[in-house]
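A.B. asks: Structure provided below as C-alpha cells; questions to follow.
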C-alpha cells in the first residue's frame, strides 16, 4: 500500500529540498556534538571514587563561555551538580553530591570532575554541557553504571525422610544486594528441582534466592549438591558444595551368625549394626526365650558367646534408639552337635594360588628343557651343517689303476688270465668323483679323466683295445651278453670305501 501511494503520489520538489535541509542540519548537529568528548559508559562501585572526563576539541572560532555538569537520575529530572565560569570560577549548587564532587583541573577546555564516596543511588546520566558562541549549547553524556558485588551464601536445610512423597527444600542459596542481578544454578546427583526468586532493593540492588527441592530418603543423607553463583563483578562463578542432612530412624541388622554354632565352640560373636540420623544413642540386647544365658557377654553392640551350649539355642534381639524412633532386628541361632567342615573363601584363595604357582613352574620348566634340547642338538651336529665340508682326498684305489695307460701286453695278459665276465668293481657308500684327476694326471691320462669320473675316456680307450676286439670277436662281450640273450650282469658290490672312485663296466651297443 505504501509503495502504491508513493508511486501515485510523488514527493514535490519543495518537499525534497526540505528533507535535504533537515538531513544537513542533523549532520551539522552531530558534528557539533562530537566536539564535546566524553566516555560513553563508566562503571563504579559503592564507597569508591570515579572520574567523569570531558574535553572540548576543535574549538576554532567558537567562544566557550561556561560549562556545567548535569545529573539525570531518571527520565525528566535534571540537577546541576557543578558549574565552571572562566571569570566567576567554580560553583557547586545544592544537590545529593554536595561535598562529594570537585573539578580535577578547573578550566573550560578540560572540565573533568571527580565524585567520591559513591552510592548506588548515584547511578544515572551525567551530561557535560558547554555554553558557546555563536553555535549555542554543545554537550556530551556519560552513563554511570553502579555495580554491587553480591553477598553470596549457601546452606543445607535439615529435613526428615519423607513418607508422603512430596518434595521439600533441602538446600538454599542466596546472592544478596548485587547489581546487576546474579544468576544461580544447581548441580547434584539426587535429581532435585530448583525454585529461584529475586527481590529489588531501594538502592537499585537485587537479591536473588534459590531453593533446591527433593523427596528426601535415608539414602540421600550425606549426598552432595552444589550451588553455583555467577555475577558480572565476579572473575569466575562462585561454588558452594553442600552435603544433604536427612534425618531418619535407625536401620538395624545383626551379622555374624554362620549356621555353625556347634557345642563347645568358643567366642561366637553377633554384631548389631545400626545406621541413623541422628546417630543411635542406645543399643539393647535381649533374648526372646527369657533371661540372657550365663555364657553370653554383652559389649556395646557386640554379643559374645564364650562357649556354645544348649542355652544359646534361642533368638537374640537387638534394639536401637535415636531421637526419631526405635528399630529392632532378631536372629535365631541353632546349636548343632558337630562342627560343619566348610571351605572358606580364604581356603579357596590359597588353593587357587597354589595351582597357579604349579602351572607357572611347569611352563618355566618346559621352556628350559626345550632350550637345552636345542643346544644339545646343535652340539651333536644334528642340525644343518654350518661350514663347507673339506674336499675329497685321493688315495690309492682303482682310480689310479684306471688312469694308467693300457698297453698290448697288458691287454693280452688280462684276456688270457681273467675273462671279462669275471671282472667286478666293488663300491661302498656313495660314489665320489675324483675332480682333481684331470689336473693332477694330465700326462698319464688320455682325454682328461674328469669327464669320465677320473678314469680314461672310453671312446679313446677303444683304440687301444682294437686288437682285443678282433680276438674276442666271436665271443660274448662281458660283462653283458649279446643282444639276443639280453643278459645283464649283477650290480657291483658295495665295497669301495668313501673317498675312492669307481668306473662302471663299459656297455657295448
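Every residue gets a Cβ built from N, Cα and C, even glycine.
Source: prediction; values computed, not measured.
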A.B. asks: Look up transmembrane segment in TrEMBL and report which of 300-323, 324-347, 348-371, 372-395 it refers to.
C.D. replies: 348-371
A.B. asks: Can you check which of 450-473, 474-497 TrEMBL lists as region 'Disordered'?
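C.D. replies: Here TrEMBL associates region 'Disordered' with the stretch 474-497.
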A.B. asks: Do you know the mean pLDDT across the domain 'Ig-like' (150-239)?
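C.D. replies: Mean pLDDT across the domain 'Ig-like' (150-239) comes out at 94.
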